[in-house]
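Input: a single structure, listed below in structure tokens.
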There are 2 protein chains.
Amino acid sequence: MKLLEDRIREEGTVKPGDVLKVDAFLNHQCDITLFDKMGEEWARLFEGTRIDKILTIEASGIGIACMAARHFQNVPVVFAKKAQSINLDGEQYSTSIYSFTKQKEFPVIVGKKFLTEGEHVLIIDDFLANGNALNGLLHICESAGVVVEGFGIAVEKGFQGGGDALRQRGYRVESLARIRTMDATDRSIEFY
Amino acid sequence: MKLLEDRIREEGTVKPGDVLKVDAFLNHQCDITLFDKMGEEWARLFEGTRIDKILTIEASGIGIACMAARHFQNVPVVFAKKAQSINLDGEQYSTSIYSFTKQKEFPVIVGKKFLTEGEHVLIIDDFLANGNALNGLLHICESAGVVVEGFGIAVEKGFQGGGDALRQRGYRVESLARIRTMDATDRSIEFY
């Protein structure tokens, strides 16, 4: 999606350690007009696919997912919570995700009543790198018996392999900006 | 706002310890149509007021704030981050908020470049109880020198006093559902 790629080129910052900062428009300050266009684009890409619900993970996915839902007949958005500790009361699907950014493992939960067996789900998130967070959401979706129709991703760091691993497992991954290489020394970014 | 009050009566659950669960439509599963109507109502209430930016706090405020922004000429939404540890590199406004729900103090940050002196800001959040989180955001707004035009709150637990304390300080607080009393034994909820 040229609009997002251009924005990343203009306002994104490549930092050492394969970090791409897009906090000016995507995940700290949110450009609502951009989010709306992104939602429109995912709706175009998934046109004809049954989507009953959008699943995302707090915090940065929420705004994007809510704005996107408008373009999917206002389906409900469920966001997985990063819990302090897993309350194993049986009312929640839970899994554990390792975050390279935060260098630690954290539990993620979704209330069982918010994912119903047989529902068709679109998973939306701001970033896809190694795929740990999305694999955690997939694990929850498998536990719930929902049908994952695909992934709507804003920025995929293609060189980190998480997206291709999902594609090889047969999942549809629609990344609006897919980065082939990026370089912190000359701050260059090349898209697929 | 009758729509929200009705929804709280129908799907909210009062739990012991003054806890109101509204996770079916507000802060775990998100009803996008409801969020849109809430945004429309805040826009009506703040009509004629200059709003340059909406400020909220992760995670539950983000979806509501993004949907509301559409009704404020798509102004940017900035969400304060609950940090693991405060990175005092001078590029962030930071404060500390005590959460009664989580029984601990946690740092909250906003990138300095995302709040500009003289900007007029509307603060939006899902809940207002004792006001700790909002006072933290106010503290950050004071540091940044922005003008806080008011607060748009989904659910105010009026009996916990945080809203009235803000009103006494001269702030405009527009809560769409303002609870006078609620009772976990008979599950009753009375609004103002």
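Using the three backbone atoms N, Cα and C, a Cβ is placed for every residue, glycine included.
What TrEMBL says about a protein is an automatic prediction, not a curated fact.
Since this is a predicted model, take the numbers as computed values, not measurements.
Record features (TrEMBL):
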| type | residues | note |
| --- | --- | --- |
| BINDING | B:Leu20, B:Asn27, B:Lys157 | xanthine binding site |
| BINDING | B:Ala129, B:Asn130, B:Gly131, B:Asn132, B:Ala133 | 5-phospho-alpha-D-ribose 1-diphosphate binding site |
| DOMAIN | B:48-146 | domain 'Phosphoribosyltransferase' |
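Sequence-distant contacts (6 or more apart, same chain, Cβ under 8 Å) of B:Asn27 (xanthine binding site) comprise B:Ser60, B:Asp126, B:Phe127. Shown in sequence order, B:Gln160, B:Gly161, B:Gly162, B:Gly163, B:Ala165, B:Leu166 are the residues of the chain, 6+ apart in sequence, with a C-beta less than 8 angstroms from the C-beta of B:Gly131 (5-phospho-alpha-D-ribose 1-diphosphate binding site). For the recorded site, B:Lys157 (xanthine binding site), the DSSP three-state label reads strand. Taking Cα separation as the measure, B:Lys157 (xanthine binding site) is nearest to B:Ala129 of the binding-site residues B:Ala129, B:Asn130, B:Ala133. Classification of B:Leu20 (xanthine binding site) by DSSP places it within a strand. Those same-chain residues not listed among B:Leu20, B:Asn27, B:Lys157 yet with C-beta within 8 angstroms of the centroid of the xanthine site C-beta atoms are B:Gly12, B:Val19, B:Lys21, B:Val22, B:Leu26, B:Asp126, B:Phe127, B:Ala129, B:Val155. DSSP labels the residues of the domain 'Phosphoribosyltransferase' (B:48-146) in these numbers: 29 helix, 36 strand, 34 coil. Cβ environment of B:Leu20 (xanthine binding site): B:Ile8, B:Gly12, B:Thr13, B:Val14, B:Val155, B:Lys157, B:Ile179, B:Met182, B:Ile189 lie under 8 Å away, each six or more residues apart in the same chain.
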